[in-house]
């Protein structure tokens with residue numbers, strides 16, 4: 001009894017916890033457990049195999065004595081890169097160390113496209129972490145939905161490491177999926193200053209591309225003749241994963257860009273002739289407003305109140321899929337206008353009013369019209385450079401002349417990059433345009 005009492009006394013005086021009682025975990029430990037549980041739950045967004053791995057890792061962190069490292073198991077033998085998931089969070093604390101970024105031309109960032117919806121920064125980092133050269137990873141997401149836009153960027157500590165990844169991984173199958181890697185140089189490294197933002201944009205639009213044309217092939221087609229070519233991008237349909245039949249090439253020299261506009265227009269890439277035109281930069285959008293009155297004159301109409309005012313489209317007309325095409329060559333016929341636009345989606349109708357120097361293209365859906373405006377604005381159709389903007393929707397006809405439903409105005413237009421880069425969802429420059 002004395003021994004027992006002594007033991008009880010010892011427990012009481014020492015503050016020890018009896019065996020049948022548990023001391024609540026310290027706040028810091030409790031928060032850590034909560035965070036681990038949240039990470040565990042987040043793993044459920046991954047495919048079963050990847051989710052299982054992440055949950056195993058969380059269990060290892062909480063109960064290390066019960067688990068052996070899974071890089072010794074059979075799953076790791078088949079998926080050697082995926083064991084890097086856990087090291088990513090620790091690596092993020094090291095990614096801001098001083099890095100020798102070299103000269104302005106020493107780009108060390110790769111664009112990675114065709115990402116599936118569940119492929120986040122952790123996954124993307126795991127694909128290349130074995131190089132020991134990954135500096136930072138970013139997956140671009142929609143600002144409204146937070147869903148992945150299907151592409152991201154990986155910056156390496158050296159250009160040599162980036163080049164090796166580009167050469168060895170392009171076209172190979174991504175871990176835990178049937179999706180091949182689609183990799184290209186990003187236009188800017190995260191360590192570079194985007195001084196060119198205030199300079200001229202030296203990009204060209206390339207249309208009528210064969211379905212088999214890739215970023216690499218498009219880049220080679222132009223860079224073989226023009227050494228200043230910085231990047232090339234074939235726009236991919238995010239739903240089908242297939243080429244939309246057009247892309248963009250960025251130059252570093254204005255003279256070479258000008259030569260390419262004439263020399264490469266009609267040249268072959270793969271088995272099809274290309275159509276080359278000027279790609280309209282984002283900052284040109286604001287300048288389009290000043291031309292609205294000129295476009296109204298081209299449309300040749302008056303508003304219902306008698307003033308010059310055709311086609312001022314409200315931004316709320318989210319279903320409008322009609323495009324105003326200004327500056328048309330007088331010799332251009334409906335079919336000449338239909339052909340370049342049809343590569344962006346189903347064209348419902350084309351109308352060129354006689355003697356007006358303009359035309360109207362109506363798509364079956366808004367998205368196709370947006371893509372066409374982004375890509376064809378400022379390109380050459382026939383002999384002239386055309387200007388595109390939203391026209392008046394056919395279901396909103398003017399009073400008096402039903403034929404004037406096509407007399408859309410030259411209201412707010414769209415640049416080709418819609419967010420800081422080449423094309424809608426697959427551009428390297430969007431890395432710096434997103435938050």
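Cβ atoms here come from the backbone N, Cα and C positions, even for glycine.
The stretch that Swiss-Prot tags with region 'Disordered', taken from the ranges 371-391, 392-412, is 392-412.
Per Swiss-Prot, the range carrying the annotation region 'Disordered' out of 85-104, 105-124, 125-144 is 85-104. Per Swiss-Prot, the stretch carrying the note region 'Disordered' among 1-41, 42-82 is 1-41. Mean model confidence for the domain 'RRM 3' (321-393) is a pLDDT of 86.
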